[in-house]
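Features as listed in Swiss-Prot:
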TRANSMEM  4-24  transmembrane segment
TRANSMEM  67-87  transmembrane segment
TRANSMEM  135-155  transmembrane segment
TRANSMEM  179-199  transmembrane segment
TRANSMEM  258-278  transmembrane segment
TRANSMEM  286-306  transmembrane segment
TRANSMEM  382-402  transmembrane segment
TRANSMEM  420-440  transmembrane segment
TRANSMEM  487-507  transmembrane segment
TRANSMEM  533-553  transmembrane segment
Amino acid sequence: MHSYDFALLLAFFVIVLLPAPWLGRFYYKVMEGQRTWLTPVLGPVEQGCYRLAGVNASQEQNWRQYTLALLAFNLVGFLLLFAVLLLQGYLPLNPQNLPGQEWSLAFNTAVSFVTNTNWQAYSGEASVSYLSQMLGLTVQNFVSPATGLAVLVVLCRGIARRSATTLGNFWVDMTRATLYGLLPLCLLLALLLVWQGVPQTFADYAHALTLQGADQTIPLGPAASQIAIKQLGTNGGGFFGVNSAHPFENPTAWSNLFEVASIILIPVALVFTFGHYVKDLRQSRAILACMLALFLIGGSTALWSEHQPNPALESTQVQQTAPLEGKESRFGTTGSVLWAVTTTAASNGSVNAMHDSLNPLTGMVAMVNMMVGEVIFGGVGAGLYGMLLFVLIAVFLAGLMIGRTPEYLGKKLQAREVQLLVATLLVMPVGVLVLGAIAASLPGPAGAVTNPGAHGFSQLLYAYTSGSANNGSAFAGFGANTVYHNLMIGLAMLIGRFGYILPILALAGSLAAKKSAPLGQNSFPTHGPLFTGLLLVTILLVGGLTFLPTLALGPIAEHLSLGF
């Protein structure tokens with residue numbers, strides 16, 4: 001590694017960590033309706049939205065009403081996006097006259113963007129019109145992270161409130177999350193990207209004559225605005241087929257730094273938002289320490305692995321510094337690994353290098369980041385509510401070990417809460433192991449694998465892990481655009497999204513109804529290094545150990561067989 005690599009890593013952590021406490025407090029004030037510096041500008045817009053939609057902003061909902069509103073909103077969003085993708089050939093803003101997507105691909109794409117996964121079994125510039133990109137995909141890029149943020153806020157209220165029957169208003173939370181939480185930051189990032197050369201235009205694709213005399217089509221479009229929310233909303237779906245490896249999505253080292261840092265900017269800030277809800281920022285610091293520890297362990301492993309020379313070239317005269325297959329030379333190995341680890345630690349899924357070309361252990365780190373439930377920062381809202389589930393599980397295990405009724409911040413965890421926690425633990429195994437095993441055992445679906453042996457199995461394992469974790473990245477050699485995989489990965493995405501959201505909303509309702517006992521000397525502290533260590537071990541054992549046999553058949557076997 002060179003001095004530039006260390007400067008990149010330092011700048012990344014400074015951009016992410018320095019504004020996090022301030023931004024976390026801002027999100028708390030926004031979601032609770034307190035006045036902020038944006039209120040004079042956006043307050044009238046917010047109130048106008050409520051009047052237009054007929055929403056009574058002062059009327060809160062119980063968890064069942066909140067759940068029904070959330071499901072109805074997401075269902076309507078899915079149907080609208082599905083229709084736009086099917087009918088885009090008949091709709092305006094389609095200068096390339098692209099036809100509508102095939103029905104199973106349209107289903108997969110609509111589910112993907114509604115669930116904040118952004119799995120793409122298509123190439124954007126070749127199959128999606130400008131209107132579909134803006135009216136369909138970009139809209140969901142805003143409302144899907146806003147949904148995750150709303151669910152997180154409900155869980156925070158459930159932990160913080162006492163003897164309460166209501167948890168907020170879904171329509172109010174969605175409006176505030178979108179208007180205050182996402183739009184201003186996206187506007188700023190979009191302007192920075194345009195400054196760096198990312199296109200933002202409605203012009204037709206350009207045509208150029210190459211030096212060889214051939215005609216080349218150069219895709220354009222309103223890219224900067226979608227890329228901004230793609231990164232900040234932990235969406236990840238690229239405007240172009242190769243995502244942020246494309247020079248129009250990510251042209252410079254500066255744009256690369258802005259984009260990779262923006263992936264976890266909001267998820268890190270929301271850790272501090274939780275601390276403001278429970279009036280104890282020590283809880284935030286303990287959770288953030290665990291997240292950073294897991295991130296640094298995975299990142300260090302991936303950097304070491306990816307800087308190893310390829311054993312297959314040792315007998316040749318080729319001088320190896322680091323493997324650059326599948327990477328952009330303008331980003332280098334460290335910039336590519338940093339992105340790969342960050343995008344899988346969050347439920348983002350965007351890429352600036354091809355994950356299918358990563359060394360086996362680097363690919364395994366990416367998979368493990370997803371397999372533990374996307375709790376290492378995770379998606380907007382989704383990452384922290386997933387981490388809080390592990391916090392409650394760790395508290396439950398600690399209670400079993402010391403023979404006391406487990407409680408978290410004065411709220412006792414009883415049978416109903418534990419049952420809901422266990423239900424969430426089944427989400428990833430069902431999506432990855434059950435659906436993945438079925439796909440691997442059927443000759444038709446297994447034919448999507450384009451490599452033999454362990455790496456081929458890793459391709460399939462990565463696909464179903466990515467779908468279940470709502471990540472969206474892929475080993476791109478996997479032939480995902482078949483009716484079977486479009487439907488089954490779509491099912492995995494739905495399980496991975498709503499298999500968490502529904503139990504969490506029920507859990508929030510149950511916790512909110514409880515009284516809060518004052519913390520005493522015998523209470524198990526959840527803000528110190530001991531609990532941080534317990535939480536880390538819980539995540540690795542409960543969340544990760546389940547998948548060790550499949551990892552042994554995939555990336556571990558490949559690593560050993562290649563002689564690294």
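Backbone N, Cα and C atoms are what each Cβ position is placed from, and that goes for glycine too.
Counting only same-chain residues 6+ beyond the ends of the transmembrane segment (382-402), those with a CB under 8 A from a CB of the stretch are 116, 148, 151-152, 155, 159, 234, 267, 270-271, 274, 287, 290-291, 346-347, 373-376, 408, 413, 417-418, 421, 424-425, 470, 500, 504, 524, 526, 531, 534-535, 538-539, 542-543. Within its own chain, the transmembrane segment (286-306) has Cβ neighbours under 8 Å at 1, 268, 271-272, 274, 322-323, 333-334, 336-338, 340-341, 345, 358-362, 365-366, 368-369, 372, 375-377, 384, 387-388, 391, 526-529, 531-532, 535-536, 539, 564, counting only residues six or more beyond its boundaries. Cβ atoms under 8 Å from those of the transmembrane segment (4-24) belong to residues 257, 260-261, 264-266, 268-273, 275-276, 284, 332, 334-335, 338 of the same chain, restricted to positions at least 6 beyond its ends.
Taking Cβ pairs closer than 8 Å, the transmembrane segment (179-199) reaches residues 27, 30-31, 36, 38, 42, 45-46, 49, 142, 145-146, 149, 220-225, 227-229, 231-233, 248-252, 254-255, 258-259, 262, 265-266 in its own chain, all 6 or more past its ends. For the transmembrane segment (487-507), same-chain residues at least 6 beyond its ends with a Cβ under 8 Å from one of its own Cβ atoms are 63, 66-67, 70-71, 104, 107-108, 111-112, 115-117, 119, 121, 147, 151, 154-155, 158, 167, 382, 385-386, 389, 417, 420-421, 423-424, 426-428, 430-432, 435, 438-439, 445, 463-464, 467-470, 480. Note on the transmembrane segment (135-155): residues 27, 31, 63, 66, 70, 73-74, 77, 80-81, 84-85, 113-116, 118, 128, 167-168, 170, 173-174, 177-178, 181-183, 225-226, 229-230, 232-235, 237, 266, 270, 273-274, 277, 379-382, 384-385, 388, 501, 504-505, 507-508 of its chain, located 6 or more positions outside it, place their CB under 8 angstroms from a CB of the stretch.
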